[in-house]
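According to TrEMBL:
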- B:7-20: compositional bias 'Basic and acidic residues' (COMPBIAS)
- B:103-211: domain 'PurM-like N-terminal' (DOMAIN)
- B:D121, B:D195: Mg(2+) 1 binding site (BINDING)
- B:D121, B:D150: Mg(2+) 2 binding site (BINDING)
- B:G194, B:D195, B:R219, B:S282: ATP binding site (BINDING)
- B:223-369: domain 'PurM-like C-terminal' (DOMAIN)
There are 2 protein chains.
Amino acid sequence: MGARPRGVRDPDPALRRDPGGRGAGDTARQKGGFIGRSRRRRGGDVLRLGARAGTGGRPALPPLPRPPHLVPPDPERLNEFDVIRRLSGRLPAPPAEVVVPIGDDCAVLRLGDGLWVAAADMLVEGRHFEASWATPRDVGFKAVAVNASDVAAMGGTPRFVLASGGGADPETTLGCMEGLFEACEEFGAYPLGGDTTGSPQLVVDVAILGELRGPPVLRSGARAGDLLAVTGELGASAAGLLALMGGDDRERLVRKHLRPEPRVLAGRAAARLGARAMIDLSDGLASDVRHVSERSGVRCCVDLGLLPVADDAREYVSSLGRDPEMLAATGGEDYELLISAPEGVMEALAEESDVPVTVVGEVVPGDGVVFLRDGEPVGDLSGWDHFRKG
Amino acid sequence: MGARPRGVRDPDPALRRDPGGRGAGDTARQKGGFIGRSRRRRGGDVLRLGARAGTGGRPALPPLPRPPHLVPPDPERLNEFDVIRRLSGRLPAPPAEVVVPIGDDCAVLRLGDGLWVAAADMLVEGRHFEASWATPRDVGFKAVAVNASDVAAMGGTPRFVLASGGGADPETTLGCMEGLFEACEEFGAYPLGGDTTGSPQLVVDVAILGELRGPPVLRSGARAGDLLAVTGELGASAAGLLALMGGDDRERLVRKHLRPEPRVLAGRAAARLGARAMIDLSDGLASDVRHVSERSGVRCCVDLGLLPVADDAREYVSSLGRDPEMLAATGGEDYELLISAPEGVMEALAEESDVPVTVVGEVVPGDGVVFLRDGEPVGDLSGWDHFRKG
């Protein structure tokens, strides 16, 4: 083990992972430039490398309207991160059951002889979705899916859900709860209870309890020499959001936005095979990889040319005059997993995963995140506004 | 044990309670009329009987405005109970860990060698409170308190909280989360995490995990011969709500409404001493006692003259031309406990409880709920509109 997540007590045996995984012999690979190697690796399909080169041309189309939650913050005011920062300083010492407190995808609890993960996520109309885009059933479904994704990112299995929420009329509330039940059934979680209520805007909050069969995969375990890979595809959800905003008929992309599929099997396989760090891609790769870098005390290098952007997303986003790779890196809400693991682990994972696993970069000594495109650094993308053309 | 809660699998050893408690010899007492006996018992103060006779006079004052959540439902539409009924028919078979599924104050889980209770409750601005009445800090505090009350009603100890919510600006969100933290500290729960978000209306949802040291006290365990008692006082919260609606300065009553105190110690003591059934008073005694009656398959008789209404609540409610006992029976949001237990258990509980325990009625063979006043039945109060003068 190396660095521990900040704010965590002395190492807990629950967190002990095989330090070398299957790729223990790969530390010598830290030296070479990662892009060249990644590009070479792309030739083989062991890791199902699905990425292709950027498209380049960007016709000057008018900017689309931005959803309300993307309005830039007033610098005079607190933002959400200020709120979290102010609160996290006031946390009391955690009780003995808390193996990992707030700060990762889930908190980790030892209850009896078992390890459990717990998280909650809320969706609010006008903030996370518009009623004209998403049915109440979609919203209920997504509320469970995004929480199951947090469980997947720890290597856990969704087990129990508490769900609260409702809308302006009982039909809306019923639709939302039906979507919740549908997702619970699909992802194997049992709805323990919760609260139905009226609300001027549809709002739904899901708290989830997931089970671990081994140590959790934290954000803090990435080590120089690891590869960075993502499951599935990137950018489709943001492309679907653009289609919803523009009223365009892009059914598959819209579905990727409204009904994300948490990568539970892949997450569990990654944990079992020895992945060192994992996070789910909710805010966008550019933001989320930063958490891995900061928590692990390493530099994460990502090649935009390697991002797995599906053909239809690439074509649609390009047709809007937007940059598919930039959208894939910053668009968010893909609910795919970003995994840091030695090469041998990644190969085994690609072999048995139910979804594609695409190497998009690597971990090197140092700090910060570097995005490269055609071999050139493109700077920090974490604040890049993917709904404004640059 | 007698009847089992509906929808529950075969008896689980976790639910085995001492069938007689300390009052095993009291079954002969089922015969006499309960009012006479309750009145006689009122002479002694073993059970700290705090009730007094109703005041009677009701001057004709204009009705107060009714809060938005009390607007009568459109009979053509689904209501919240329809929603719950429709959903509960679709619940899958619970997994092995679920000792008690949805339908009591909390669900009960066996995790490893421990028993845990889980519940969630959401508060929405304009529905459960008005921003002009309650600070964000009050709202956050109350969200934890009402969930801790559900844990108390199972005989459990609040342990872990997941909290999601937020308001129109980060200051509102911060205030709400500070109230959440304050309540967590006061009630001994640890904030595991959650989600802060923006929302046009302030909304907050708390999911709670509580620990049991013995079998849970369900709504289904009441038996003929039990006494019915409540902790603390009734009606103060509804009186506080009336004061808030009317802009009246009634600080103590308003505080009872905004900052309820969950009866965790009393609930735990009741469980340990052998209480047979318990529920927390959120919707009002008249509604909540019906759940005990229906789940237990017994008749519950309550004497309005015995309800513990504090002097200031009685005086204020009377001054508005309202009936203090009716408000105490139907007003809701007291977050006191209603306990069904043999007399011996109730005496022991009154002895060691940190709050008054007042006998308000008894359990007899039969079904339904009977409210009596001056020895006369007053009919079913569960639909009584406590904000309209009758």
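Any Cβ shown, glycine's included, is placed from N, Cα and C.
Structural mapping of features recorded in TrEMBL.
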residue	record	DSSP (3 states)
B:D121	Mg(2+) 1 binding site	strand
B:D150	Mg(2+) 2 binding site	helix
B:G194	ATP binding site	strand
B:R219	ATP binding site	coil
B:S282	ATP binding site	coil
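Comparing CA positions across the binding-site residues B:D121, B:D150, B:D195, the one lying closest to B:R219 (ATP binding site) turns out to be B:D150. Counting every protein chain shown, 25 other Cβ atoms lie within 10 Å of the Cβ of B:R219 (ATP binding site). Reported as a whole number, the C-alpha separation between B:G194 (ATP binding site) and B:D150 (Mg(2+) 2 binding site) equals 19 Å.
DSSP places the residues of the domain 'PurM-like N-terminal' (B:103-211) in helix, strand and coil in these numbers: 35 helix, 45 strand, 29 coil. Listed in sequence order, B:D105, B:C106, B:V117, B:A119, B:D121, B:I208, B:D280 are the same-chain residues at least 6 apart in sequence whose CB falls under 8 Å from the CB of B:D150 (Mg(2+) 2 binding site).
Proximity to chain A (CB-CB distance below 8 Å) holds for B:D121, B:D195 among the binding-site residues B:D121, B:D150, B:D195, B:R219, B:S282. The two recorded residues, B:D195 (Mg(2+) 1 binding site) and B:S282 (ATP binding site), have Cα atoms 26 Å apart.
Residue pairs drawn from B:G194, B:D195, B:R219, B:S282, the listed ATP binders, are separated by up to 32 Å at the Cα level. The most crowded of the binding-site residues listed here (B:D121, B:D195) is B:D121, judged by how many other CB atoms sit within 10 Å of its own CB. If you take every residue in the domain 'PurM-like C-terminal' (B:223-369) and average the pLDDT, you get 97. Shown are the binding-site residues B:G194, B:S282; of these, the residue with the fewest other Cβ atoms within 10 Å is B:S282.
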